[in-house]
Amino acid sequence: EQDYPYTSGSSGQSGTCQNSCSKKKLSFGATVRVSGEAALVTALNTQPVSVLVEGGNSVWRNYRGGVITQCPGARSDHAVVAVGYDSSSYKIRNSWGASWGEAGYVRLQRGGAGKGTCNVVEGVSFPTIIAPKPTVSPPTKTTTKPTKPTVSPSSKTTNMPTPQPGCATCSRCYYPAANSCLDSVFTKGYCEYFNHGFGTVWCGS
């Protein structure tokens, strides 16, 4: 956002593409589709996500600022991007220009029952980012020579893995935040890779 800030056509900008901003090449994998407050918060800790909302109503059309606490209807009819959250609300980027709402953004109350305020947690989806992968620094060289163990190691044993919550009904990749068994496109490798960011657990053999 700071490298390529949003500008509106109504501001007189020519719309010429900028080539001087810093760029980073990303590689994407499968799309994750989840629902629920916990799933949305977990995803936002890593990246922006697409959400479906009930936006075709007077509350959204006349929004100028503040936190929306409810919408008049029940049907989701608009796709937007959730970009962040605080203790009381989600921050949503709309596509109606910077003159709408809070400079193009709207805040929806957290903690809404069921599908959330204006259905914000009903349909959460985001692409998995598979590259660039985080880099790990090599271990520093130590000068202390390790002491030789004086106790012989015990015979090698194989411990059975501890059953993971949710695996009783899932034989693929389990996503605890949404209490859901993900699609078969999430292979064991995918599942283990996303464990650090999303807490996914591989339940297969």
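Note that Cβ sites are derived from N, Cα and C of the backbone, with glycine treated the same way.
Database features, via TrEMBL:
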DOMAIN    4-128  domain 'Peptidase C1A papain C-terminal'
COMPBIAS  132-158  compositional bias 'Low complexity'
REGION    132-164  region 'Disordered'
For the domain 'Peptidase C1A papain C-terminal' (4-128), residues assigned helix / strand / coil by DSSP: 18 helix, 39 strand, 68 coil
Per-residue pLDDT averaged over the domain 'Peptidase C1A papain C-terminal' (4-128), given as an integer: 88
